[in-house]
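> I have a structure here, written as structure tokens, and I will follow up with some questions on it.
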Amino acid sequence: MATVITEKLSRLFVNVRQVPQLMVPLSPSTVSSSEVPKVFWKPYIHTGYRPVQQTWCYYFSTLFQQHNEAINVWTHLVAALILLLRFQQLSHRVDFGQDLHAQPLLIIIVASITYLTFSTLAHLLQAKSEFWHYSFFFMDYVGVAIYQYGSALVHYYYAIEPSWHEKIKGFYVPAAVLLAWLSCAGSCYAKYRYHQSARLLSRLCQELPSSLAYMLDISPVVHRIYTTPPSEQADPALLYHKCQVLFFLIGAFFFSHPYPEKWFPGKCHFFGQSHQIFHVCLVLCTLAQIEAVVLDYESRRQIYSTLQGDLAHNFSALCLFTVTCSVLTAAYMARKVKNKLSFKEE
């Protein structure tokens, strides 16, 4: 009898020991580049990748884990939260609903929060599968296009000097819409068509439209910086505009060149990647830009109300047109990716 009881207690003890293992499975750890599809590979980054085909809950949980996208996620997530708080502060003193001239300011704030949120989701969730990798980055490019148009609009609306406005008013806004869409379309196509082996072609498709868009978008600011008399160079708005230009140019360099990971191969899997530095610079650029635009909105009303008249509604409509074209382009490219992957599986 005692032997039977002892055997039952032993089996019960073994079963109890196994319960935690059944109820709390270990989360998958990061893996090397050889364990994920080639589309996920980054130059000079050999490990720190998250495994594919896990649950959505797993990828959301990696927000609090260390992997090679963690810094990219947090830089833009924190910036989006900062801008949400800034928007709440501004809503107490800016009448976004009734003030016609506040519409471009609203557009740039919403566009900034949108691109930061889309980028956060792309870097957090893209490791789910090849299809979702493409789809989330296509969504990211939509956010960038919206932000590009928003930037062009506020520079043209608030920051521009009358002399420059006279020269570019016939083509600036339509060109800004076209280049914003081309930036989205070119980035989507480069992502779909090329990889690291065709980096030159990829850069031409992605960076050429974006570079042309930036040169057009920033022209009112650059013109104002160079034409403002020395006695007015200490204007706080102008200082913020100078900072946004500086941060963007630094960020553009790190976006286009894989430094410092190229200098220290195998040492930047989690920290110190060029794209992480690009994210930080772009965040600083956006925050400086928002502050500059707010100051221009508050101090230059006499100038921009005379130049722009009642065109704010038209500019808002063009923003919706840009969003629509970019979303349709991203959806079309996502469908092509799905067909491509389905054909490859067959």
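Including glycine, each Cβ sits where the backbone N, Cα and C put it.
Copying in the features that TrEMBL gives for the protein in this structure:
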type	residues	note
BINDING	His123, His275, His279	Zn(2+) binding site
TRANSMEM	71-90	transmembrane segment
TRANSMEM	102-125	transmembrane segment
TRANSMEM	137-159	transmembrane segment
TRANSMEM	171-192	transmembrane segment
TRANSMEM	315-334	transmembrane segment
> So which residues does the transmembrane segment (102-125) touch in its own chain, when a touch means Cβ under 8 Å and the partner is 6 or more beyond its ends?
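For the transmembrane segment (102-125), the nonlocal Cβ contacts are 56, 59-60, 62-63, 69, 72-73, 76-77, 79-80, 83-84, 86-87, 90, 94-96, 132, 136-137, 139-140, 142-144, 146-147, 149-151, 153-154, 157-158, 279, 283, 286, 289-290, 293-294, 297, 312-313, 315-316, 319.
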> Is it possible to get the count of other C-beta atoms within 10 angstroms of the C-beta of His123 (Zn(2+) binding site)?
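Result for His123 (Zn(2+) binding site): 25 other Cβ atoms within 10 Å.
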> Other Cβ atoms within 10 Å is the metric here; tell me which of the binding-site residues His275, His279 scores highest.
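Per the Cβ count within 10 Å, the most buried is His279.
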> Among 71-90, 171-192, 315-334, which stretch has the highest count of C-beta pairs below 8 Å with the transmembrane segment (137-159)?
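Looking only at 71-90, 171-192, 315-334, the most contacts with the transmembrane segment (137-159) come from 171-192.
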> Under an 8 Å Cβ to Cβ limit, what residues of the same chain, 6 or more beyond the ends of the transmembrane segment (171-192), are close to it?
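Same-chain contacts beyond the flanks: 134, 137-138, 141-142, 144-146, 148-149, 152-153, 156, 201-203, 205-206, 208-210, 212-213, 216-217, 315, 318, 321-322, 325-326, 329-330, 333, 336-337, 340.
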> Once His123, His275, His279 are set aside, which residues in the chain still have Cβ within 8 Å of the Cβ centroid of the Zn(2+) site?
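Checked against the 8 Å cutoff, the neighbours are Glu69, Ile71, Asn72, Val73, Thr75, His76, Ser119, Gln273, Gln276, Phe278.
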